[in-house]
Structures are given as C-alpha cells and as structure tokens.
Amino acid sequence: MTSATKQTADIAIIGGSGLYQMADLTNKRRVKVETPFGEPSDDIVLGELTGTTVAFLARHGQGHKFMPSEVPYRANIYALKTLGVRYIISVSAVGSLQENLKPLDMVVPNQMIDMTKQRVSSFFGDGAVAHVSMADPLCPAMSEVLTRSYDKANIADGRCHSKATYVCIEGPQFSTRAESQWYRQMNADIIGMTNMPEAKLARETSIAYATLALVTDFDSWHPTEEAVSADYAIQNLMKNADNAQQVIKEAVALLASEQPKSIAHTALAQALVTPIEAMSDKTKTRISALLPK
Ligand SMILES: CSC[C@H]1O[C@H](OP(=O)(O)O)[C@H](O)[C@@H]1O
Ligand SMILES: Nc1ncnc2[nH]cnc12
C-alpha cells in the first residue's frame with residue numbers, strides 16, 4: 001500500500017484549543033472509529049505531512065464542543081491505537097506559572113502533576129489489572145525530538161523551554177489566585193486542563209506521548225499581568241498556532257526518519273499483573289488492542 005492510501009499511521013497529533021486542523025496536511029481522509037470506550041472527540045483525519053502519513057484528532061472536537069472534563073480521553077487514545085499509532089504529539093494551550101515562561105513561548109514539559117478529580121484514568125478494571133510506570137510521564141526521546149524540531153523551525157517569536165512540570169487541573173474554571181500560588185509552591189511551571197489522563201492512557205496503550213505546550217497567559221498569580229480569561233488565552237494562541245504547526249512538521253519528519261525507541265513502547269509488558277488467561281472474554285475483547293498479540 002502506498003503512503004497516499006494508507007489507513008494507518010505511526011504518528012498522531014492531538015490538536016488542542018485553537019488547533020482544530022493542520023493547514024499543510026494533504027490528501028486528507030476522514031475516518032470514523034468506534035471503540036469499546038465510545039466515539040472519539042471527532043473523526044480522525046489521516047493525511048500526509050512532509051511525505052509521512054499522520055493521524056490528526058481535534059481534542060475538543062470541531063467547534064470546540066467538549067469541556068476538558070468531557071473529552072472522551074479513552075475513546076481518543078484507543079482509536080489512535082487501533083490505527084497503529086506509536087507516537088502522539090499533544091499540542092496544548094497552557095498558562096505560565098513562572099516569570100521566565102512568557103506568552104508566545106513554547107514548552108516541552110518532562111513532568112506532570114495530576115490534580116484532576118472526575119476523570120476515568122485507566123483502560124483496566126473488570127478483572128484486568130495493570131500498573132504502568134508514570135515516573136517519566138512524557139516520553140524523553142520524543143521530547144528531545146520536539147525541542148530539536150523547535151530549533152529547526154526557526155521561530156521568530158518567543159523561546160522554547162524544556163524540563164518543565166505541567167499541572168493538570170479539572171477546570172473548566174481557571175484557578176483562583178490562591179490556587180495559582182499553591183501550584184507555584186509545588187514547583188509546577190505550566191498549567192492546563194487536558195494532558196491528564198491523556199498521558200496515563202497513552203502509556204497504558206504503549207504509545208509514546210509528548211507535549212508541545214503553547215504559553216498563552218500568566219494564569220492568576222502574577223502581581224502585574226492580567227489574570228487569565230479564555231478570550232485572552234485564545235488571542236495569544238492564535239498568534240502562535242502557525243508557529244506550532246511549523247514545529248510539528250519538523251517533528252513528524254524527525255520521528256519518521258529516526259523512529260526513536262520509547263520507554264512507553266514496552267510499558268505494558270512490565271505492568272500487566274493479571275494473566276491474560278485469567279481475564280474474562282468480555283474484558284479481553286474490551287482491551288484487545290492493548291494486549292500483547
Ligand atoms: C481556551 S484556554 C483553556 C483550554 O485550553 C487548554 O486546552 P488544550 O490543552 O486542549 O489546548 C486548557 O487545557 C483548557 O482546556
Ligand atoms: N491559565 C490556564 N489554566 C488552565 N488551562 C489553561 N490553558 C491556557 N491557559 C490556562
């Protein structure tokens with residue numbers, strides 16, 4: 001099968017707020033994927049980017065219909081797994097919790113703190129137990145590719161920072177000033193509402209996952225900068241969406257040519273506690289895409 005007609009992809013992009021499509025994707029075909037966990041946020045768009053087939057999924061759906069708590073995270077990740085995806089580039093708007101991370105900067109975080117409260121964060125259960133390692137929640141090899149891609153893209157505005165901690169809140173409301181200060185005391189650097197449980201679920205499916213975070217605001221802690229509003233964040237995001245797509249293009253080319261090994265690719269092999277033979281047929285069917293063949 002030529003890459004132009006492939007219905008599978010090695011690399012996926014999950015586009016967050018403000019990134020509902022990729023301008024340079026060619027030969028687009030929309031794929032509806034049903035999963036045992038329901039429907040994904042939207043059709044998945046397969047297409048070619050710099051000669052490589054990629055899968056694009058708008059996290060909040062076209063028209064931004066799903067709140068962070070409502071995003072069907074399990075269906076999204078499971079659907080990408082069934083398309084053969086091994087690398088997910090997650091693109092996200094974030095607030096800055098540090099003076100040196102400024103709107104229009106990009107950040108490739110390496111750590112996460114999960115402060116979400118009402119999200120299902122595992123594919124397991126119903127007689128199947130697995131405990132994947134989340135010590136390094138974002139794939140180090142892919143993150144290194146993202147920072148290199150930023151340098152290759154020659155972005156005129158802002159800077160790129162790495163080794164930062166992303167704190168994920170439930171939302172949809174932004175944080176109070178007291179909460180924002182508390183996250184700073186936790187040594188969090190950036191704040192968002194979506195990358196958990198996405199990163200946990202990706203790890204359970206053995207897909208490498210890394211984040212390109214676009215700084216849009218100073219959240220609510222800053223003594224002189226305006227406290228974040230959706231309008232303010234989206235205006236800054238729109239200024240940076242084209243730049244993000246240039247970085248993604250470089251990253252896709254590097255991932256396709258280098259195919260980096262990821263700690264995620266073998267994550268489930270070390271984590272499954274329940275023998276497959278001990279699982280019910282119903283459970284095995286439900287998580288079949290995850291289980292070793
Ligand atoms: C519109 S700003 C708040 C919104 O943006 C971020 O979403 P995403 O990670 O999908 O870019 C943040 O988590 C909130 O959902
Ligand atoms: N300050 C903020 N808090 C949570 N999510 C965000 N997304 C963009 N800015 C944000």
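Every residue, even glycine, has its Cβ placed from backbone N, Cα and C.
A TrEMBL annotation is a machine prediction, not a hand-curated record.
Taken from TrEMBL, the feature phosphate binding site covers Ser17, Arg59, His60, Ser92, Ala93, Thr194. Every protein chain shown contributes to the tally, and the Cβ of Thr194 (phosphate binding site) ends up with 29 other Cβ atoms within 10 Å.
Secondary structure at Phe218 (substrate binding site), taken from DSSP and collapsed to helix, strand or coil, is coil. Neighbour count (other Cβ atoms within 10 Å of the Cβ, all protein chains): 23 for Phe218 (substrate binding site). As annotated by TrEMBL, substrate binding site applies to Met193, Asp217, Phe218, Asp219.
The domain 'Nucleoside phosphorylase' annotation in TrEMBL covers 10-252.
Counting every protein chain shown, the number of other Cβ atoms lying within 10 Å of the Cβ of Ser175 (site 'Important for substrate specificity') is 22. The site 'Important for substrate specificity' feature in TrEMBL is assigned to Ser175 (among others).
Annotated site 'Important for substrate specificity' per TrEMBL: Ala230 (among others), in sequence order. Counting only residues at least six positions away in the same chain, no Cβ atom sits under 8 Å from the Cβ of Ala230 (site 'Important for substrate specificity'). In the three-state DSSP scheme, Ala230 (site 'Important for substrate specificity') falls into the helix class.
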For this session: Tell me, if you would, which residue among Arg59, His60 (binding-site residues) has the fewest other CB atoms within 10 Å in the structure shown?
Result: His60
Exercise. Looking only at Ser17, Ser92, the binding-site residues on record, which one has the least crowded Cβ, with the fewest other Cβ atoms within 10 Å?
Worked result: Ser17
Seminar exercise, completed: All chains considered, the count of other Cβ atoms within 10 Å of the Cβ of Ala93 (phosphate binding site) is 25
Exercise. For ligand 1, which among the binding-site residues Arg59, Ser92, Ala93, Thr194, Asp217, Asp219 have a CB under 6 Å from it?
Worked result: Arg59, Ser92, Ala93, Thr194
Problem set entry | Contacting binding-site residues, sequence order - His60, Ala93, Met193, Asp217, Asp219 vs ligand 2, Cβ under 6 Å | Ala93, Met193, Asp217, Asp219
